[in-house]
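Heads up, the thing below is written out as structure tokens.
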Amino acid sequence: MVKAKKKFGQNFLKDSSVLNKIIQSMPINSNHIVEIGPGLGDLTEKLVKYKDTRAYEVDTDLIGILKTKFAIDIHEKRFELIHTDVLRAWDEKGTLYDGSYDLIANLPYYIATNIILRALEDDNCENIIVMIQKEVALKFSASEGEKEFSGLGVITKLSSKEARILFDVPPESFDPAPKVMSSILYIKKDLDVKLDKSFLKFLKVCFSQPRKKLSKNLSTVYDKELLSDVYKDLDLIETLRPHELSASLYSQMYTKVKNGKERS
Ligand SMILES: C[S@@+](CC[C@H](N)C(=O)[O-])C[C@H]1O[C@@H](n2cnc3c(N)ncnc32)[C@H](O)[C@@H]1O
């Protein structure tokens, strides 16, 4: 029996009803599947039965187990196992697969947010179905006005056609059990949208102090006169809090401040 490694965020999913529900949630299309962190291969086994799959695993000990378990699938090219840190693979190639793919995974929670942001940026990734901490899933799927609405919600709203939590998964479904509730997040990307990297930086400024006024956060970086003009142009009240502005207004605001002056 392998000992789960905390540093790699290893919580193995043991509940077969949850595994089956993940498979049933998969979109029907001809896309390849990419899995991040196959672990002991319980979800992988079901994915490979369904479609050709590529998986990225960082842990050398697990690679040994997976190579034995999936020897026939690897030989018959239904399954490709890549031994690397997935973030490194993205840095080196810009994509996890050279063709349309769906990302299906029980993610390592310590880098879950980063992985979803990279998948949103990766043009070849069309659908994302991932298990993550419920708290983070709520942020990605939140709408304006909700207290969980943050920069992550704005990015998801602008770059996807649909983003919602499919169902929750309690800690007892894993071994070892994580400390938090988990959720399956589903994102159907809008393939026509290309995200501008500096927009993410702008959102960080907007939500730097989420409970303060948006104008206060913006004034740490942007010129007061410019902000006053932007608020007037967009017909916004000065007392708005960051979670109260819609994703589309954030996008319009960004276009206006982009060419304006930053504070000297
Ligand atoms: C939450 S476990 C999921 C394991 C398995 N898929 C399951 O559902 O039981 C996360 C997996 O991601 C792997 N992992 C952690 N960091 C990684 C990284 N940077 N790149 C690739 N895999 C990683 C871990 O070793 C582990 O196998």
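Every residue number used here counts from 1 along the chain in the order it is shown.
Placed from the backbone N, Cα and C atoms, the Cβ positions cover glycine too.
The S-adenosyl-L-methionine binding site feature in TrEMBL is assigned to N11, L13, G37, E57, D85, N106. According to DSSP, N11 (S-adenosyl-L-methionine binding site) sits in a coil region rather than a helix or strand. Within 10 Å of the Cβ of N11 (S-adenosyl-L-methionine binding site) there are 21 other Cβ atoms, across all protein chains.
Residues annotated as domain 'Ribosomal RNA adenine methylase transferase N-terminal' in TrEMBL: 18-191.
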Query: Where does G37 (S-adenosyl-L-methionine binding site) sit by DSSP, helix, strand or coil?
result: coil
Field: Average pLDDT across the domain 'Ribosomal RNA adenine methylase transferase N-terminal' (18-191), rounded to a whole number
entry: 97
Message: Validating a neighbour-count step here. Other CB atoms within 10 A of the CB of N106 (S-adenosyl-L-methionine binding site): how many?
response: 27
Query: Looking at the binding-site residues E57, D85, which one has the fewest other Cβ atoms within 10 Å of its own Cβ?
result: D85
